[in-house]
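Listed in TrEMBL:
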type	residues	note
TRANSMEM	A:40-58	transmembrane segment
TRANSMEM	A:101-119	transmembrane segment
TRANSMEM	A:140-165	transmembrane segment
TRANSMEM	A:177-200	transmembrane segment
TRANSMEM	A:212-230	transmembrane segment
TRANSMEM	A:257-277	transmembrane segment
TRANSMEM	A:316-337	transmembrane segment
TRANSMEM	A:357-377	transmembrane segment
TRANSMEM	A:411-432	transmembrane segment
TRANSMEM	A:452-471	transmembrane segment
TRANSMEM	A:478-499	transmembrane segment
TRANSMEM	A:519-539	transmembrane segment
Amino acid sequence: MTATLTAPTAAPVRAGAPADALAGIGTMVRLVVRRNRVRLGVWVVVLVGMLAYVASYYQEIFPTQASLDDFAALSDTPGIRALTGLSPAADTLGGAVWTKSWMTIALSLAIGVAFLVVRNGRADEEAGRTELLRSRMLGVHAYGVASWLVNGALCVVVGLGVAFVSASGGLDPDGAGVAGSLVLGASVTGVGLVGLGIGAVAGQVTTTSRGANALASGVIVGCYVLRMIGDLGDGTLTWASPIGWGQEMQPFGANRVWPLALLVLLAAGLLGVAAALEARRDLGAGLVPERAGRPGAPERYTAPLGLGLRLQRGPVIGWSVTVVLCGLLFGSIIEAMNELIADAEAGPAQDFLRGSGVDALLAMLASMIGLVTAVFATQSAVSLRADEASGIIEPQLAGALSRRRWAWQRLAIPIVGSAALLALGGTILGAVHGSLTDDASAVGTLAGAALAYWPAVMVLVGVAVALFGWLPRLAIPLTWGFMAAMWFATMLGEVFGLPQWLLDGLPFSAVPYVPAEPMAWTPLLLLTLVAAGLAWSGVERFARRDVQPG
Amino acid sequence: MPASEMAVEVSGLTKSFGTVHALRGLDLTVPTGEVTGFLGPNGSGKSTTIRILLGLLRADGGRATVLGGDPWVDAVRLHRSIAYVPGDVTLWPNLTGGEAIDILARLSGPLDPARKAAMLERFELDPTKKARTYSKGNRQKVALVAALASDAELLLLDEPTSGLDPLMEAAFTESIREVKAAGRSVLLSSHIFAEVEKLADRVTIIREGVTVESGTITELRHLTRSQLTVVLPRGADGLARVPGVHDLQSADGHVTFAVDDAALPGVLAEVARLEPISIVANPPSLEELFLRHYGDELAALTNGGQK
Ligand SMILES: Nc1ncnc2c1ncn2[C@@H]1O[C@H](COP(=O)(O)OP(=O)(O)OP(=O)(O)O)[C@@H](O)[C@H]1O
Ligand SMILES: [Mg+2]
């Protein structure tokens, strides 16, 4: 054989954006719709349905202008301002419905769309499905843009549905046309689109879908907290948050349209950033290149607890920072609100607050620390099933490690970690608030108020473990579904006519509302027993059943 | 044979997943100090069997003994003496290969750093890379190094070489020979016939959850057929009817047929009577046997009672 030298015929490697970046987008749009049609449908039905339900319920319980005036007066509490924002037109039917449901709908849509974008972006890339797609006639951006289009359409459809329900339900004030309804729908769509942009960027930055989901929801929750502080203060920080922009469109009040432009511009900017990042990076890579690591593991990784702590290091640090920030921010705003807090008499409209004044606000902030901790604990508890599903548990259990020891050591992280997070958040909240009001006892009181949520958080962990043991294949969605259902029931339970005993029995409602209410030990003991029973039954079942990957 | 001479003894094992009957009366033995090859088509139940032997799955029926204990009840105690290489290696994406090796190896006993270093060198594995950046073969090597660096009495290997390049396969062969020389036992599930032929003392072939063939390599060779091509100028008169001759084809005096190895002496005497002027024999290959067992000829073979 003779070797001949020939001039290179292959094209040189070129920099710049690949050509035909959108080739194949039609097929991809169909794929995204096909894969997510159930989820897309559920989001539309749930979000639009929620508004429809609240609207018809409020129409029933506020039949006169006098009753609406009462609602507006009684709703003007720091708690309502903090949690949902208060409509400047709270004395209209539309404003009342907005106050009750807008924040839930807009926030759910933003987070839901961000998760959907990650699911069809980073998650597929991580699983290697995108690689197969990209090997066909498919532009770099085709899959991503297809998913953005579908999810953008979801935001628009939800907004249109909201506007339609509002207009046909007569939420607009008499004689004002349907402008309020249109602005309402547009504000929901706008916030949803920003969620889409955040999800798209998050999916470019991290290499794992878990990381992308955490980043996206963290940013969205950060926006929520910003506007919360703004709404409690002079309103400046409200304008620093895209969720605040949506609020400030003030449907049924000022009916502003121009903040929608801000929302759309921000969303477009975020998508532009995401596209630029996607064009530059390799498939499967994130922004930070992988570095070399240690050639061996320390002895402590042999125990499931040590390894679990190492693997959950990111979330544990992230949640600790979140809780510390919550404590600092919450603690510092209360004092500034002193004038706002008049000791108004309690009324039926103070659904969220269960009282009034500083103590009720403190109790509500403690419960928010409880909620944040609950998300951490659930995430950590659900990782047991995630490790079984990925198959990573099998080589470990093939070692001299009993399933019970594995499970309980892993559960030590949510069990002990939750107590630590609650104590940390409550202590900081109390320390900041106490130092501003010269009240040394605030630290103990608020640490106790936050720690009172530990048994309730443990019930969520117990539910996660029981589902892991008994229904492994459904455990993860059911656990999150249970958490979401609990949250919806707490926020909207009475609207949906759920019986009072059920609402009072929900883990978070059963917790004494310290410091607005005195500490009560019986419910805490009961919750702890329920949690222990659930967790024990789940672990025992796991020890006796097949290991089921997949 | 007494139980102590068997590292693994399985009889009549059954396991269903809902309506899927993965195992329906499987028999398998792994004699102590020997390598047992475990073969079968995709979905025949090899991984299921190995996961039962590890106590990850609970058998529905039948008996299984591993190192003298019950794999489900005594799992933790037994696992101190077992090393496992899964067919599909999942690692912690953000830990390095070296960290994963240490964690897995230490779970079944103290880790010998010198052994680990030797195995890393033999398999040319960089232990400082994050698992998420490893290629498929390198992930496989992580599991192999963790298993081979241990002192386990019994190695359960589920397609351990899938994804390895030929050089690494040679390193694997060498390692298994060392394991065997040290008197340890190996159950080796594989789709690579040559590998099994090279390493295994005994072979068990399963199909659809049932053992269809089991014995030493030499015993199995007797079940194979040699391919003979002879030139018979006077014609192949009556040869097709000789017992042990199959698939006879003849053209221009060139006669091709397969012979059961057991019937070889008689057939050769008959051929000699026909005065051949040339004879070419292709030796029996295990691959052929496996392929016949994998395929539909199975029923005929087992019903014919050739075993
Ligand atoms: N968890 C499960 N649920 C349902 N069916 C299962 C499960 N695990 C295995 N099976 C089924 O059991 C049968 C045996 O599977 P197994 O994985 O043991 O095959 P295998 O011999 O290892 O195949 P391969 O050579 O492809 O690795 C297959 O039909 C498979 O689909
Ligand atoms: Mg298999």
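Cβ coordinates are placed from backbone N, Cα and C, and glycine is handled just like the others.
Counted over residue pairs 6 or more apart, the CB atoms of the transmembrane segment (A:478-499) and the transmembrane segment (A:40-58) come under 8 Å in at least three pairs, which marks the two as touching. Between the transmembrane segment (A:101-119) and the stretches A:40-58, A:212-230, A:316-337, A:357-377, it is A:212-230 that has the most C-beta pairs under 8 angstroms. Within the chain carrying the transmembrane segment (A:316-337), a Cβ under 8 angstroms from the stretch's Cβ atoms is held by residues 78, 214, 218, 225, 229, 232-233, 309, 358, 361-362, 365, 368-369, 372-373, 375-376, 413, 417, 421, 424-433, 436-437, all 6 or more beyond its ends. Within the same chain, the transmembrane segment (A:212-230) packs against the transmembrane segment (A:177-200): three or more Cβ pairs sit under 8 Å, each pair at least 6 residues apart. Beyond the transmembrane segment (A:411-432), the same-chain residues lying 6 or more positions past its ends with a Cβ under 8 Å from any Cβ of the stretch are 305, 308-309, 312, 316, 319-320, 323-324, 326-328, 330-332, 362, 365-366, 369-370, 372-374, 376-378, 380-381, 384, 442-451, 453-454, 457-458, 461, 465, 535, 539.
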